[in-house]
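The compositional bias 'Polar residues' annotation in TrEMBL covers 75-84. Summarising the annotation, TrEMBL assigns region 'Disordered' to 75-131. The feature compositional bias 'Basic and acidic residues' is assigned by TrEMBL to 98-107, 121-131. If you look up TrEMBL, you'll see 122-246 marked as domain 'C2'.
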Amino acid sequence: KTKMRKENVKLRSIRKEVEIKLLEDERLQRGKEQKKQENILYNLQKAQNEQDESIKNSVRTLNTFQRENEKKFNTEMQQISQRTQKSKTARDVSTSKIDSRREKEIKMSTWRESVTKTARSRSDHSTHRTEYKAKDYENKKGIVKLNIKTIRSLPQECVAKSKSIYIQMQIGLKEKKSKTLKASSIVDVNEQFEIEFDPKETQDKELFIEVWIKNGEREEENEFVAGVAVLFFDYLNFPQKLDLKLIGDDDEATDSFSGEISMDIVYQPEK
């Protein structure tokens, strides 16, 4: 009996150890399962957070892109508006310049017609005209030679401000210009010029001598002062000293003048 009791005690002890072992294994297994579930939940939460952050970044990027596009659009629209305004202003300025140039051309054309009539009248009443057969020379080339000595009695505004002036000589489309001078009561020019007359290029027999104020490098900026027309055929092979009144574009109507010019002139036809 004693032996049987010992055996029973031993069996109960073994059974107890087995039960404890099983319970411990079960606890460890539950712990592993719980840890696994916690890891899964953690990874799911992490993935969700990353997805949320990605969505937020996408939304921020989209908003930034939209703002930048809106800013770019507004900038481009402003630039287009500015270019349109500049273009309109440029067109207005260009139109104004064209109108001003056209008005100046019309005024100069009218002035040249007027001084040409005066030159023809002066030629008809001249006492120093040489007798020549014009038809013998009208179809031949020639050279008008000038020695411009002085200009006097220019408009007071021009003289008082010592404006820069120059003299322009023109037959048809051919031009010659003097050096730039300072306006004064008496301007010493002392400059010689030769201008070709070619009947194949022009039938004009008038030499226009004009005084201009130089306001800039471009011709349209310059301002006409006064001038005179000369029928150069009157001085065919006949050098002559001339003292002529310079007529402004408004002088004909008031029978006044805007200066005087002294020069030597001769026209030499081609032999």
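From the backbone N, Cα and C atoms, a Cβ is placed for every residue, glycine too.
Keep in mind that TrEMBL annotations are predicted by a computer and have not been checked by a curator.
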The compositional bias 'Polar residues' (75-84), counted residue by residue under DSSP: helix, strand, coil: 10 helix, 0 strand, 0 coil
Overall pLDDT for the domain 'C2' (122-246), taken as the rounded mean: 88
